[in-house]
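For Glu129, the entry in Swiss-Prot reads active site, proton donor. Residues annotated as disulfide bond in Swiss-Prot: Cys42-Cys331, Cys205-Cys220, Cys356-Cys367, Cys361-Cys395, Cys397-Cys406. Residues or ranges marked as domain 'EGF-like' by Swiss-Prot: 352-407. As annotated by Swiss-Prot, N-linked glycosylation site applies to Asn69, Asn215. The feature signal peptide is assigned by Swiss-Prot to 1-20, with sequence analysis given as support.
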Amino acid sequence: MTTQLGPALVLGVALCLGCGQPLPQVPERPFSVLWNVPSAHCEARFGVHLPLNALGIIANRGQHFHGQNMTIFYKNQLGLYPYFGPRGTAHNGGIPQALPLDRHLALAAYQIHHSLRPGFAGPAVLDWEEWCPLWAGNWGRRRAYQAASWAWAQQVFPDLDPQEQLYKAYTGFEQAARALMEDTLRVAQALRPHGLWGFYHYPACGNGWHSMASNYTGRCHAATLARNTQLHWLWAASSALFPSIYLPPRLPPAHHQAFVRHRLEEAFRVALVGHRHPLPVLAYVRLTHRRSGRFLSQDDLVQSIGVSAALGAAGVVLWGDLSLSSSEEECWHLHDYLVDTLGPYVINVTRAAMACSHQRCHGHGRCARRDPGQMEAFLHLWPDGSLGDWKSFSCHCYWGWAGPTCQEPRPGPKEAV
């Protein structure tokens with residue numbers, strides 16, 4: 001059945017690739033917090049209820065990792081993603097130029113058709129991290145993809161001299177990687193046009209591995225910025241951006257805001273590439289520190305979720321792994337963290353963002369810092385629940401609105417991102 005239905009779906013998708021679909025719409029809220037944590041076991045197995053809805057956190061039904069409010073596809077869950085395993089085993093050809101693209105697209109279309117309902121309108125994230133689509137971005141352990149590409153070129157073009165073979169390896173890899181990522185997005189958007197499709201960790205920034213020197217600025221690495229400019233085709237093909245703002249375990253807390261700010265500013269920069277209106281930016285936030293497993297502190301939440309809201313991101317995606325729901329004890333730890341720390345802060349930020357939107361932007365845009373470097377300006381309610389002073393914020397209007405306070409209607413589809 002798969003082999004019969006898949007190509008038929010791809011054929012229909014191919015006929016629609018030039019339809020000129022408008023960007024999908026985002027729920028009408030200035031700042032969204034989404035739950036991408038596999039916590040379904042907490043209630044189903046251990047009877048521990050996590051009150052996400054009451055805390056203003058958007059989750060899938062039953063709190064499943066994949067669902068109709070948001071979904072993420074890992075490397076083995078959509079099509080035939082090529083990569084090398086830990087022992088060097090090639091999966092799906094190992095490198096993009098060895099992959100039969102039509103078979104990949106057929107399978108991806110089949111999987112999307114059967115996993116997401118036609119009206120799906122949430123974030124749909126592709127998590128493909130094994131290689132970078134640009135040759136120069138494959139350093140460290142990723143050099144295996146350069147070596148395999150050179151071996152491929154030597155086999156396919158045996159009569160060329162080594163320098164020409166290297167050129168074929170380089171161009172062949174980049175062209176095939178681009179076709180794979182671009183066409184996967186196009187197929188996905190044609191099948192589920194209201195979904196917010198994009199790749200996790202794109203754009204990169206390269207600001208997380210600097211030394212702990214006192215002169216840390218948080219600015220993105222120059223080479224990474226140049227690669228992001230080269231990836232203009234990826235931003236043009238995406239309908240949302242999902243940068244990672246996971247706090248580095250060794251980075252001093254005093255530098256957290258600079259780290260997050262520059263990652264988001266780079267996402268805002270490329271969000272305009274190939275689009276009349278900037279793409280929504282939804283940053284990935286990890287609930288626990290990678291090495292210690294500790295939940296993010298109140299200050300960590302301010303410097304990740306709070307900074308994202310203050311800079312004008314469309315929202316954040318909260319991510320966690322299966323360990324958070326691996327036992328009744330772990331589920332209660334998660335429950336207590338939600339109720340005591342995370343939930344109250346999410347309520348504060350989302351309500352403040354909504355209040356600022358209505359007070360300053362007529363409800364037709366989101367508030368963002370006038371000066372991104374104004375580190376003390378946040379969208380927070382006062383401790384007594386009263387509204388803050390939004391003088392440090394200006395309006396970023398939704399699609400269909402313009403003016404300093406988003407008071408002027410503009411023709412075109414309305415977008416509330």
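Keep in mind that glycine also has a Cβ here, set from the backbone N, Cα and C atoms.
Feature annotations (Swiss-Prot) mapped to structure.
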{"residue": "Asn69", "record": "N-linked glycosylation site", "Cβ contacts under 8 Å, 6 or more apart": "Leu34, Ile58, Ala59, Asn60, Arg61, Gly122"}
{"residue": "Glu129", "record": "active site, proton donor", "Cβ contacts under 8 Å, 6 or more apart": "Lys75, Tyr200, His201"}
{"residue": "Asn215", "record": "N-linked glycosylation site", "Cβ contacts under 8 Å, 6 or more apart": "none"}
{"residue": "Cys331", "record": "disulfide bond", "Cβ contacts under 8 Å, 6 or more apart": "Ser39, His41, Cys42, Phe46, Val48, Leu50, Leu324, Ser325"}
{"residue": "Cys356", "record": "disulfide bond", "Cβ contacts under 8 Å, 6 or more apart": "Pro30, Arg366, Cys367, Leu379, Gly388, Trp390, Phe393"}
{"residue": "Cys361", "record": "disulfide bond", "Cβ contacts under 8 Å, 6 or more apart": "Cys367, Cys395, Cys397, Thr405, Cys406"}
- Item | Within the domain 'EGF-like' (352-407), residues counted as helix, strand or coil by DSSP | 10 helix, 13 strand, 33 coil
- Query: Across all chains shown, how many C-beta atoms besides its own are within 10 angstroms of the C-beta of Cys406 (disulfide bond)?
  - Reply: 22
- Query: Which of the three DSSP-derived classes (helix, strand, coil) applies to Asn215 (N-linked glycosylation site)?
  - Reply: coil
- Based on Cβ atoms within 10 Å, give me the single least packed residue among the disulfide-bonded residues Cys42, Cys205, Cys397. Cys397
- Query: Is Cys331 (disulfide bond) helix, strand or coil when read with DSSP?
  - Reply: helix
- What does DSSP assign Asn69 (N-linked glycosylation site), in three states? coil
- Average the pLDDT scores across the domain 'EGF-like' (352-407) and report the rounded value. 93
- Query: According to DSSP, which kind of secondary structure is Cys42 (disulfide bond) found in, if we only use helix, strand and coil?
  - Reply: helix
- Minimal Cβ count within 10 Å, across the disulfide-bonded residues Cys220, Cys367, Cys395, points to Cys220
